[in-house]
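Heads up, the thing below is written out as structure tokens.
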Amino acid sequence: MLKIVILLSAVVCALGGTVPEGLLPQLDGRIVGGSATTISSFPWQISLQRSGSHSCGGSIYSANIIVTAAHCLQSVSASVLQVRAGSTYWSSGGVVAKVSSFKNHEGYNANTMVNDIAVIRLSSSLSFSSSIKAISLATYNPANGASAAVSGWGTQSSGSSSIPSQLQYVNVNIVSQSQCASSTYGYGSQIRNTMICAAASGKDACQGDSGGPLVSGGVLVGVVSWGYGCAYSNYPGVYADVAVLRSWVVSTANSI
């Protein structure tokens, strides 16, 4: 998630906003501690691209609606955005759809990262197949310690500037909001009620995975948001809590 590996000034410039000191939104990169996979295993995964380059991840909510992170859509116009779906590779294959419009959560705050969620409407509808499928939104949070998976084309380590061509995934375990904010971990009061965490030793999402899916029990439970470094000890990855933000996603998808 947002990792501490790029100069803060560069990130602020790229994203057009500010973030807490040491807590950086994930830019281009790769899953840490994970494995290569294929899109058929994560058919809801998309690559959100700016001017043809991978920028963030996202999840297919319906044939023409994508769920991603609000910080992925700061200071950008829909005209330079596109989505690649149905491909294991962010740079080729599958189908490419232009972005018609998008909306960030009105309560999104780039300083605290609360409400870090957004909805994208595509210019054309996706045709569902074995490699393009929608994923349901969680209606409640999984139990602390529940198994989950996060996927994306994010960096393999903190500070890496290389982007893998093939989709990566990693298995992690849910860390509840209360547990993530406890003294067990290092975030404290930075964990808010619109966030959920996930962690596993030496495993995490990293720059470039932002906006992508955290899936548990076959439903979307989180949207990759931020964190301290990539797979740093005592700092789980932090995600927008889909169960908490579900009603906003549903209403926005119907109105955007």
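Just so you know, glycine gets a Cβ as well, placed from its N, Cα and C.
A disulfide bond in Swiss-Prot ties C197 to one cysteine from C180, C230, and that cysteine is C180. Of the listed residues C13, C72, C72 is the one Swiss-Prot pairs with C56, by disulfide bond. Within the set of disulfide-bonded residues (C56, C197, C230), the lowest number of other Cβ atoms found within 10 Å of a Cβ is recorded at C197.
Here D116 (active site, charge relay system) is positioned 9 angstrom away from C72 (disulfide bond), judged by their C-alpha atoms. Its own atom aside, the Cβ of D116 (active site, charge relay system) has 34 Cβ atoms within 10 angstroms in the protein chains shown. In the three-state DSSP reading, C197 (disulfide bond) counts as strand. DSSP assigns C56 (disulfide bond) to a strand in the three-state reduction.
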